[in-house]
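Step one of this worksheet: look at the structure below.
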Amino acid sequence: SEWDLEIRGLAVPWAIPKQFLHCGGVHWNIIGSGIFISPKGVLEHAGSVGLSLIVWVCGGGICTLGSMCYAELGVTIPKSGGDYSYVTEIFGGLVGFLLLWSAVLIMYPTTLAVIALTFSNYVLQPAFQHCFPPFIATKLLATICVLFLTWVNCSSVRWATRIQDIFTIGKLLALVLIIIVGLVQICRGHYDALQPSAAFEFSQDPSVGQIALAFLQASFAYSGWNFLNYVTEEVVEPRKNLPRAIYISIPLVTLVYTMTNIAYFSSMTPEELLSSNAVAVTFGEKLLGMFSWVMPISVALSTFGGINGYLFTSSRLCFSGAREGHLPYLLAMIHLKNCTPIPALLLCCFATVVILCIGETHNLINYVSFINYLSYGVTIAGLLYLRKKRPNLARPIKVNLLIPISYLIFWAVLLGFSLYSEPVVCGLGMVIMLTGVPVYFVGVQWKEKPKWLYRLVEKLTYKGQKVCYVVFPQDDPSETEPLTAKATD
């Protein structure tokens, strides 16, 4: 049939459109939905207003150290793909695969689940002013949102990027409004909670373990500082622009996040912030009067755009991993007409919905932040390893060795005490990551698989192509070694 001719032609010259290759780099930024999610968790673990603000400032400083190391890696190994590309190049396929495995199964789906739950809470909270929204309603709305945006991303790259452009306004509006209103409150003398005597009144005895968990909560809001490394090949003059982006963006983000938290504390007591399920909504209800509706709408717009952006980037990572042969070839295919990576999007959607059904926001943040930091540390350790093994390698940017060493010391302390304080939540992520070891050796390393297994994979891939109406894009590396050739050798 005509369909069989189309679908069997795995090497048809369908190129990925430019917007698919470049949109992610344009819209990736650090300031995201995390600032509307993390303040409660940071304060809860820090135990005082003053220490929570210190965590926010130091969190920005740690991100600066990490991003300087990533800048060196970005120009030394000029490949798009971030951590995955660097670790694969330095330590080999197994470690790179484990990072990819954890990103596909943990990092992106969990982040998507957290943002979707936040969207749901902010949409529903105005209707339940004196109590938390029903648990089932929150989960259901979050799931519907993820399913809808998956459909949008499957249907059109242009629609997805337009949504991202439009809904970024919500994020900016909410943050600007919070900071301005907070400054007005401070000018009026409403800063009792910020005075040193009150700011360092601890609700619990401070401990290194709890402070480590506070940093994990803050790191969720800062996640994104390394996203520019995912599109290094598309950055103009990376030697100049990578450091410039670091020195401008991260201090600015740190200032915005710190001012946002100061604004919260100018109008809310620590007890009010901790008891709120939607901090920005509570802030708006206290200060904006009849215009309090602006806040939940703005945050909902921001989180809606955040879900869309993470769906785009997570599906792109699956797509890249499949092109490298680390994931099933089906995930490297795009729709015959829309040029969207439907199989990769469906995988991300499925993993997110599963996590939505079993997770709770606070634990999910610790869960994903622990794995994120684990990945950052392994990548930066790779920088030191590369310095030792290949000292003569050309490095257009070369940071002082104290920077990666300082980062790794902080990294080791943070992960060690986080694992001690939350062994189940943090340990589960490590267990899931390690399940990728047998998968790698069976799926990637084992080259002499039985012919019947190749035929089964080919058959399942073909069925998936028919269901999703997808083919390999032009110049896909897997085209040079089709499955049929392997099965008939």
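Residue 1 is the first one shown; counting continues down the chain.
Glycine is no exception: its Cβ is also placed from the backbone N, Cα and C atoms.
TrEMBL entries are annotated by machine, without manual review.
The transmembrane segment annotation in TrEMBL covers 53-73 (among others).
The transmembrane segment annotation in TrEMBL covers 94-120 (among others). Among residues of the same chain six or more beyond the transmembrane segment (94-120), those with a C-beta under 8 A of the stretch's C-beta atoms are 33, 36-37, 83-85, 87-88, 133, 137-139, 141-143, 145-146, 220, 223, 299-300, 303-304, 306-307, 310-311, 313-314, 317-318, 321, 326-327, 347-348, 351-352, 354-356, 359, 361, 364-365, 367-368, 371-372, 374-375, 378, 429, 432-437, 439-440, 444-445.
Per TrEMBL, the feature transmembrane segment maps to 140-160 (among others).
Look at TrEMBL and you will find 172-191 (among others) tagged as transmembrane segment. If you look at the transmembrane segment (172-191), the same-chain residues 6 or more away from its ends with a CB under 8 A from one of its CBs are 31, 35-36, 256, 259-260, 262-267, 280, 283, 287-288, 294-295, 298-299, 301-302.
Summarising the annotation, TrEMBL assigns transmembrane segment to 211-232 (among others).
Taken from TrEMBL, the feature transmembrane segment applies to 244-267 (among others).
The annotation transmembrane segment is assigned in TrEMBL to 287-313 (among others). Panel annotation: around the transmembrane segment (287-313), residues 23-24, 27-28, 32-33, 36, 108, 111-112, 115-116, 118-119, 122-123, 125-126, 145-146, 149-150, 152-153, 160, 163-164, 166-171, 173-174, 177-178, 181, 185, 227, 230, 267, 278, 280-281, 345, 348-349 of the same chain, lying at least six beyond its termini, place a Cβ under 8 Å from a Cβ of the stretch.
The transmembrane segment feature in TrEMBL is assigned to 342-361 (among others).
Marked as transmembrane segment by TrEMBL: 367-387 (among others). Within its own chain, the transmembrane segment (367-387) is flanked in space by residues 66, 69-70, 72-73, 76, 83, 86-87, 90-91, 95, 99, 102-103, 106-107, 110-111, 114, 216-217, 219-220, 223, 226, 359, 393, 401, 404-405, 407-408, 411-412, 414-415, 418-419, 422, 425-426, 428-430, 433, which lie at least six positions past its ends and keep a Cβ under 8 Å from the stretch.
Taken from TrEMBL, the feature transmembrane segment applies to 399-421 (among others).
The transmembrane segment annotation in TrEMBL covers 427-446 (among others).
By the Cβ criterion (distance under 8 Å, sequence gap of 6 or more), the transmembrane segment (244-267) is counted as touching the transmembrane segment (53-73), at least 3 such pairs being found.
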